[in-house]
């Protein structure tokens, strides 16, 4: 049987034909950076996570996180850990993949994705799902992402102004109506007592009341404006040369196969994952898998594969061993060249190195070489 066309297609070619906007962006990013490397940043605290992302960022195209294992994760939307990761992603040119492995009924996974303290959808470009509960979980996540995207075309910017207190018995004709057209809502609050503003008495001896007019003005701004395009990047932060902003679309990877020994993801389960992906091509980017699962002519799903490891430097013939906890390892050459992976996921192979940048480059170079030999 002939190999699927995607196995011989370059990333730049696939970027032109794939339908998912985020997949197209990722393929372009891979081609621009000459990288098909994802770092699994399984670290214990937020400071280390940000440090690792900054050090390794130039070599990777995807950063995989587990926010719930990171001590000190700051959930503040604008300045917290997710926002700071997004800033580094923009600086170095990579996407954020929160390895949440959603695995529950549809309503629950939708809330886990969009609500709660983490609000994963706000900062993670990509998430994944364990489809054991059924296809409904994929459908619910897709619907949640679509609703979130629909709310993005316009943002409501609210400003509040408080007018000078005045006496109610003053002539209404003295009021300035110049801003009446801008006022969406106004609330009038009566202030009892003398707060330092002189109160005149009326002709019948009664004291006039003090009224403060508070105006709430709402302005609708396009979410595609340059103001939002900068996102949380500070002045001076620049995109990687030649790289545009990533699309606002979110993406899903379906956990179709695992690299751990004795896992229960059989062929029937994997096929169900493929069918669900085909039903939601506008949201599903591809799979976390151990082999390429594209089989129909119009399939162009991306495959990210964990369990990647290189022998120690200068010991290329050394045998790869598992970690003693069920993980099984393979080289980039096998995963990409033989199994058909598009992106290899590396964790401890880089994280435990004395020089993170050097080791990340070693993995990037090996994975890219395997890809170029595959499409040659």
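The backbone N, Cα and C atoms fix where each Cβ goes, glycine too.
Ranges compared are 160-208, 209-257, 258-306, and Swiss-Prot records region 'Disordered' for 160-208. According to its DSSP assignment, residue 42 (substrate binding site) is coil.
Sequence-distant neighbours of residue 101 (substrate binding site) (same chain, 6+ residues apart, CB-CB distance under 8 A): 128, 129, 130, 255.
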